[in-house]
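See structure below.
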Amino acid sequence: MTSIESRGGGVNRTNEQIETPTSTPISYLSREGIEREGTKGNETEETEIGKKKEKERESIWRRAWTIVTWTPPNCRWDPTKPPQFSMSMNVLFAFAAGFTVANLYYNHPILNILAHDFGVRYEQVAQIPTVMQAGYATGLLFLCPLGDLLPRRPFVCGLVLFTATLWLGLCLTSDLGTFTALSFIVAITTVTPQLMLPLVGDLAPPNRRAAALSIVVSGLMLGVLVARVLSGTISNFVTWRAVYWMALGLQYVIFLLLWLFMPDYPATNPGMNYFRILLDIVLMLFKHPVLVQACLAGLLCSAPFTSFWTTLTFLLAGEPYEYTSLTIGLFGLIGIAGMLLSPVYARTVTDAFVPHFSVLFGLSCSLLGVCLGTYMGTFSVAGPVLQALLMDFGNQTAQIANRSSIYSIEPKRRNGVNTAFMVATFCGQLIGTATGNHIYAAAGWIGSGSASVGFISAALLVIVARGPWEERWVGWRGGWSMIKKDKDSADGKTADKAMHGRREERDEEAEIGANEKVLQEVAAEEGHDSSLGDGGFKGKSSQDEEIRPVKV
């Protein structure tokens, strides 16, 4: 028994000896494996958390994009019954255009206040209007052509929302560098009025295009004047930031109105390349003489406009007037009368005659106003008053007539056409600002006004050099008549139709025309057969019943 127990004990000791040395590495390996598995689990959890955060970020942007691009049922596109262009929509576009372009002009009357608030010299703040004009030119050149490529509703709403959100930084920042940089970016995206004008050209009936354009342009010009008046008046009583907070609220109101009521029209050129669209703008200038004529006239008549409003401050602030800055700011309200008259004139005259007539009439009014203001302004305030009234009315009349004419040349590329016209007009504004200041410093009010007389006269020569019926670059071939040959067209000669009309009606008209053509061919064939056979049209009805369905 003892030997057996000892053996059993030996066996037990052997098992203990076997188990003891091997138990330590097994437990060590198991702990190490658990630690590795725990580390891998932590890494997996961190990766999953990171992916969830990325998804949440993506979902936020997707939700924002979904909200911006969502279309209310009353604005959705239906080719069988598309939303029609109405007066309420026209007024909405005018309101949006006016208080969007106003973003560029709020800072003009308050530059001295901005310099004091930021604690810098006036020369440093004076660059803000120039920077914003450069940003606006950048948007004109690179964003506006996208209106021919993208659907207008999400594009316009997205730009307005982006502008409004970025404008918040202008309300809060206390650094001049940040303020200037944000002003440049905001100016780039403030080109939505120049996207709405070609859309109005698409939607309005051709025989009412000038009237519809005049309402939007009047709203746009009104926004330029109202921005200066509101900014100067409000800043006299409260801080300048109140002006910018007001502009922020207006931007969100515009976004909400457009999001609720702007119809979703399809893109006109969804398959085109962006760089090809930019190249086509240049090629248009070599292809369409009427576009070059309108661009030159726009450049030459916009230079006196900006020159007048730039140098008017110097005239009214000095002898013999010595007006205050508030009085000078309110002086800009005189132009409102001309802007209110412009839609009436466009509806009664511009839409009734060829645009060439209204361009000549508008430039003649501008020339008369510049002459009166230049040579009466040094001794009577009636001169500048008449110049503001006549020049605003004349320039706006000429601009609307030119737009109505050039929108007929490339119906599917109206944003590109508008870009070419507006770049030329913008260059004229820059020329007018620069030359007006330099000439006024050297030759005074009469010198700068005489230069404006020369600009307007050159614009008239450009219009006179080519008649309304001329197809080439120079001449009056086709006659001197200013009466439209086609009453339903915008330019009097181009068979133009409002885009995005009912597709069913167009298809039915095309089908009816094709059927009539086929029936005429059938009748001709039957007449030919009857002359060789039984004579006359005997047996026509039976043969007609057999052949016509096959032909149709």
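Even glycines carry a Cβ here, placed using N, Cα and C.
As annotated by TrEMBL, compositional bias 'Polar residues' applies to 12-27.
The compositional bias 'Basic and acidic residues' annotation in TrEMBL covers 32-54 (among others).
Taken from TrEMBL, the feature compositional bias 'Basic and acidic residues' applies to 485-505 (among others).
Look at TrEMBL and you will find 541-552 (among others) tagged as compositional bias 'Basic and acidic residues'.
TrEMBL lists 86-466 with the feature domain 'Major facilitator superfamily (MFS) profile'. Model confidence over the domain 'Major facilitator superfamily (MFS) profile' (86-466) stands at 89, taken as the mean pLDDT rounded to a whole number.
Taken from TrEMBL, the feature region 'Disordered' covers 1-54 (among others).
Annotation comment: TrEMBL describes 485-552 (among others) as region 'Disordered'.
Same-chain residues lying 6+ beyond the ends of the transmembrane segment (85-106) with a Cβ under 8 Å from its Cβ atoms: 129, 132-133, 136, 160, 163, 167, 186-187, 190, 192-193, 196-197, 199-200, 203-205, 212, 215-216, 218-224, 226-228, 230-231, 243-244, 247, 250-251, 254, 257-258, 261-263, 498. Annotated transmembrane segment per TrEMBL: 85-106 (among others), in sequence order.
TrEMBL lists 126-147 (among others) with the feature transmembrane segment.
Listed by sequence, the residues of this chain that lie at least six past the ends of the transmembrane segment (159-190) yet keep a Cβ under 8 A from its Cβ atoms are 68, 96, 100-101, 103-104, 107, 118, 120, 124-125, 127-128, 131-136, 138-139, 143, 241, 244-245, 247-248, 251-252, 254-255, 258. The transmembrane segment annotation in TrEMBL covers 159-190 (among others).
Within its own chain, the transmembrane segment (210-230) is flanked in space by residues 85, 90-91, 93-106, 108-109, 193, 196-197, 200-201, 203-204, 243, 246, 329-330, 332-333, 335-336, 339-340, 342-343, 345-347, 350-351, 355, 358, 392, 396, 399-401, 403-404, 490, which lie at least six positions past its ends and keep a Cβ under 8 Å from the stretch. The feature transmembrane segment is assigned by TrEMBL to 210-230 (among others).
Annotation source TrEMBL lists transmembrane segment at 242-262 (among others).
The list of residues near the transmembrane segment (274-292) in space but at least 6 beyond its ends in sequence, with Cβ under 8 angstroms from a Cβ of it, reads 142, 145-146, 148-149, 405-406, 409-410, 413, 416-417, 419-421, 466, 470-473. The transmembrane segment annotation in TrEMBL covers 274-292 (among others).
The transmembrane segment feature in TrEMBL is assigned to 323-345 (among others).
Among residues of the same chain six or more beyond the transmembrane segment (357-376), those with a C-beta under 8 A of the stretch's C-beta atoms are 210, 297, 301, 304, 308, 345-346, 349-350, 382-384, 386-391, 393-402, 405, 445-446, 449-450, 452-453, 456-457, 459-460, 463-464, 468, 482. Look at TrEMBL and you will find 357-376 (among others) tagged as transmembrane segment.
Annotation comment: TrEMBL describes 439-464 (among others) as transmembrane segment. Outside the transmembrane segment (439-464), and at least 6 residues removed from its termini, the chain residues within Cβ reach (under 8 Å) are 293, 296-297, 300-301, 303-304, 307-308, 311, 314-315, 356, 359-360, 363-364, 366-367, 370-371, 373-375, 377-378, 398, 432.
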Distant-in-sequence neighbours of the transmembrane segment (126-147), which means Cβ under 8 A and at least six residues beyond its ends: 104, 107-108, 111, 114, 155, 159, 179-180, 183-191, 194-195, 198-199, 274, 277-278, 281, 414-416, 418-419, 422-423, 426, 429-430
